[in-house]
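Student: Feature table excerpt (TrEMBL):
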- 12-31: transmembrane segment (TRANSMEM)
- 51-71: transmembrane segment (TRANSMEM)
- 92-111: transmembrane segment (TRANSMEM)
- 147-172: transmembrane segment (TRANSMEM)
- 192-213: transmembrane segment (TRANSMEM)
- 220-242: transmembrane segment (TRANSMEM)
- 446-463: transmembrane segment (TRANSMEM)
- 530-560: transmembrane segment (TRANSMEM)
Amino acid sequence: MLTAASQTDMSGVLWLLVLGFVIAFILAFSVGANDVANSFGTAVGSGVVTMRQACILATIFETVGAILLGAKVSETIRSGIIDVHMYNGSEAVLMAGSISAMFGSAVWQLVASFLKLPISGTHCIVGATIGFSMVARGHQGVKWLELLRIVASWFLSPLLSGIMSAILFYFIRKFILNKEDPVPNGLRALPVFYAVTMGINLFSIMFTGAPMLGFDRLPWWGTLLISLGCALLTALVVWFIVCPRLKKKIKGKYLHNVIAGIAVPDLNGSQFHTVHKDSGIYKDLLHKLHLAKVGECMGETGDKPIRRNNSYTSYTMAIYGIHGSLKDGEGSRTGLDGEKRRSRYDSYNSYFTAVTDGEVAAADGGLTVEMGDETFRRDSLEEETDELEIDKSEVATLFQFLQILTACFGSFAHGGNDVSNAIGPLVALWLIYESASVAPSAPTPIWLLLYGGVGICTGLWIWGRRVIQTMGKDLTPITPSSGFSIELASAVTVVVASNIGLPVSTTHCKVGSVVSVGWLRSRKAVDWHLFRNIFIAWFVTVPISGLISAAIMALFYYVILPLT
């Protein structure tokens with residue numbers, strides 16, 4: 001029971017509570033703008049969902065995850081970093097500290113989002129909490145071991161997740177992607193992939209212990225049995241229902257493309273003719289492109305040979321390049337710095353469309369065509385050995401829904417974990433005001449979790465696309481198969497590491513997976529300059545958020561509170 005005295009004592013700091021709600025919404029906005037990219041960045045980058053679809057799915061799963069899972073994690077943020085009992089009798093000071101922590105965390109996350117750098121929201125709030133505590137109570141109240149564990153996570157998280165993602169993608173590439181016909185092996189592996197995805201994510205959700213769902217009362221072996229049972233059921237459903245439908249869909253969709261052959265423009269570029277891959281004309285063109293000079297296969301004179309490429313797609317694109325009458329500079333795109341760059345084509349279908357629209361560029365008197373990292377030049381004999389792999393259309397079909405599923409699970413878990421970064425200090429603020437105690441035992445109110453979920457979703461819709469672009473496109477190009485490897489392996493890393501006591505960050509795990517899989521696909525495909533900037537942002541997150549929080553707390557502690 002609350003006493004009338006305690007109610008009267010806290011009424012003088014009502015303004016702190018109101019200010020806290022405002023700052024908490026801004027903090028939740030910044031979490032949505034930055035951290036939600038972890039969940040759907042790769043799905044948007046691979047093209048399996050649009051930005052709008054990602055925002056809709058993330059809104060649903062982030063909010064539900066925040067309500068169902070957020071209560072337990074908020075407890076840790078409230079009391080896991082500092083010793084709150086040092087503030088007995090100084091409840092207003094702890095309330096001011098919570099506001100300072102939220103302010104410091106929000107400012108740095110908004111700055112990072114503006115710079116399109118993915119950072120850890122947990123590290124932000126931890127640094128900010130340490131900052132205000134240093135001002136109010138000095139270093140005695142800080143649990144320095146927790147800070148040491150966070151520093152270790154800067155290196156452990158991306159390394160462990162990157163290794164696991166690279167191993168998974170290596171086997172997917174070896175046994176599925178590199179096969180001449182990847183569909184049979186892909187269909188056989190699909191039930192396993194779905195089962196592992198379902199089992200790992202269900203175990204993570206239940207082991208976290210959502211009080212609203214009653215999972216906190218389950219023993220660990222019960223959680224394991226339920227997860228394994230659901231995984232097995234998922235595998236059976238996929239094997240007997242999903243796989244036959246996908247096989248039929250792939251066969252019907254791509255058989256037409258094989259029969260239709262490939263359209264090649266005539267010499268004047270005004271009309272297209274179909275050249276079948278098995279026809280004598282097509283094989284003769286390939287033979288001449290391989291052995292002879294360009295002029296010979298075109299019936300012209302010239303002495304510029306064309307280099308050999310390793311795929312029919314490459315030859316076909318070369319054929320297009322020879323026949324197309326293209327003007328210098330067509331198809332170039334202008335970057336943010338105003339510099340013109342050649343367009344890149346991720347599949348021969350997109351290349352065909354570009355040729356039809358006149359978007360292929362000729363440079364320096366020699367025709368240049370790019371597909372991923374593969375460059376075709378009539379005036380160069382240089383061999384490219386490091387080519388960026390792309391998924392065949394049928395492989396993309398196999399992995400599309402899997403990647404959406406893993407992204408939705410990730411978003412659900414993210415909502416449960418990271419809503420605490422925004423709402424944990426607000427929950428502390430509210431319960432201190434309600435109970436006039438620095439260590440209240442009351443549970444986290446559900447409506448506060450919903451408030452945080454709304455703020456997160458608002459930030460995602462308004463500003464989330466900046467960091468989503470970094471995670472899904474700028475660091476390295478993403479395909480459905482590589483995106484699935486990134487999502488699943490990083491989820492496994494977080495679950496395993498968290499339950500054996502290793503400190504990891506979801507953001508750091510996802511970035512590590514993106515970089516490692518991108519490097520495995522092509523060493524040239526990773527933007528190492530951007531990765532360096534991201535790592536620097538991780539390194540300065542704790543001190544910067546802590547300094548901002550400390551400055552605000554100093555203002556409260558030495559100026560504002562003494563006057564109230």
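Note that Cβ sites are derived from N, Cα and C of the backbone, with glycine treated the same way.
Just tell me what is around each of these and how deep it sits.
Tutor: Listed as Cβ neighbours of the transmembrane segment (92-111) (distance under 8 Å, sequence separation of 6 or more from its ends, same chain) are residues 12-13, 16-17, 19-20, 23-24, 26-27, 29-31, 33-35, 84, 119, 121, 124-125, 127-129, 131-133, 136, 421-422, 425-426, 428-429, 432-433, 438, 541, 544-550, 552-553, 556-557, 560-561, 564.
Counting residues 6+ beyond its ends, the transmembrane segment (147-172) has Cβ neighbours under 8 Å at 123, 126, 130, 189, 481-482, 484-486, 488-490, 492-494, 497, 502-505, 508-513, 515-517, 519-521, 535, 538-539, 542 in the same chain.
Long-range neighbours of the transmembrane segment (220-242) within the same chain, counting only residues 6 or more positions beyond its ends whose Cβ lies under 8 Å from a Cβ of the stretch, are 190-192, 194-196, 198-200, 202-203, 206-207.
Non-local neighbours of the transmembrane segment (530-560) in the same chain are 93, 96-97, 99-101, 103-105, 107-108, 112, 115, 117-120, 123-132, 134-136, 147, 150-151, 154, 470, 474-475, 508, 511, 515; each lies 6+ residues outside the stretch with a CB under 8 Å from one of its CB atoms.
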Student: Would you kindly list the residues that approach the transmembrane segment (51-71) from elsewhere in its chain, counting only those six or more residues past its ends and only Cβ-Cβ distances under 8 Å?
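Tutor: Hits for the transmembrane segment (51-71): 32, 36, 39-40, 43-44, 205, 208, 210-213, 404, 407-408, 411-417, 419-420, 423, 443-444, 446, 449-450, 452-454, 456-457, 460-461, 464-465, 468.
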